[in-house]
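Asker: Take this structure, written in structure tokens, and hold onto it; I'll ask about it next.
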Amino acid sequence: MTAVVLDGVATASAVKSELAVRIRALREQGLVPGLGTLLVGDDPGSRAYVAGKHRDCAEVGIESIRVDLPADATEADVRLAIERLNSDPAVTGYIVQLPLPAGIDENAMLELIDPSKDADGLHPTNLGRLVLGVQGELTSPLPCTPAGIVEMLQRYEVPIAGQHVVVVGRGLTVGRPLGLLLTRKGLDATVTLTHSRTRDLEQEVRRADIVVAAVGVAHLIKPEWVKPGAAVLDVGITRVVDPETGKARLTGDVDPAVAEVAGHLSPNPRGVGPMTRAMLLANVVQAAERDARLAAELRG
């Protein structure tokens, strides 16, 4: 058996094409969606990540609002920048790029974000709505990586309802919110959330119809851990040194040999990562459409 590849690049491209149509409709109404980013410092990885987001915006027709602060910015500086993004009518949604410099309370800064402009879907208010809203349409933004995982599974027609999903990793950006999303009525998966203290992790993974590896341990998930035909999504990233070249490279949580056992496999890179970026754009478009509906209601 060779796994069907869950191609995140192709799937994200399809999502962005659909978003571009919706954005054109918004622009025809005089509403221009805008994504803001707040970057503090000169971390090369963060700069590259933010630049990628703005390239995505240009591709689909979303305006970019970029706020960069120096590495020696104070918490007061960051607070002021967030307040300005909250009040800027050109900003439909925005993100605060993490990590922030030492000495700045990240949680306190993130809680300052206007929940209606939370493009990452990770504000406590929006996560709380995900907890409470077990059925019906969610109008608040969803965490981007979990939403991207679900979108990709659905587009490849991988069954979710009634399936046993094992999530390896309990982080705020993937593991915990993914469990909440997959157990909503309408998706109806049964989710086991595992972590570093889970007893017999191998046995838990082997029971899964769908495995999501998001722990950041290189090649943790071995082929003998995976039930034949299971869908496996590789989310975690680890920087390792290539023994042949001596150069650092990025690798995922899933051993490449899993492709010979799994029914579906998302590669890493080119798997879930592009879908995360596409869902960020989707959150901005959804917020713009919400604003358009509110404006129409006010006009009567």
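Cβ from N, Cα, C; glycine included.
Okay, so Swiss-Prot annotates it like this:
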- Gly169, Arg170, Gly171, Ser196, Ile237: NADP(+) binding site (BINDING)
Asker: Just to be sure I understand the packing, how many Cβ atoms besides its own are within 10 Å of the Cβ of Gly171 (NADP(+) binding site)?
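Answerer: 17, counting other Cβ atoms within 10 Å of Gly171 (NADP(+) binding site).
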Asker: What's the number of neighbouring CB atoms sitting within 10 A of the CB on Arg170 (NADP(+) binding site)?
Answerer: 18
Asker: Which value in Å gives the longest Cα to Cα span across the NADP(+) site residues Gly169, Arg170, Gly171, Ser196, Ile237 as recorded?
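Answerer: About 16 Å separates the two most distant Cα atoms.
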Asker: Run through the Cβ atoms and count how many others sit within 10 Å of the one on Ile237 (NADP(+) binding site).
Answerer: 15
Asker: Could you tell me which three-state DSSP class Ser196 (NADP(+) binding site) falls into?
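Answerer: Ser196 (NADP(+) binding site) sits in coil per DSSP, no helix or strand.
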Asker: Would you find the one among the binding-site residues Gly169, Ser196 whose Cβ has the most company, meaning other Cβ atoms within 10 Å?
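Answerer: Highest number of other Cβ atoms within 10 Å: Gly169.
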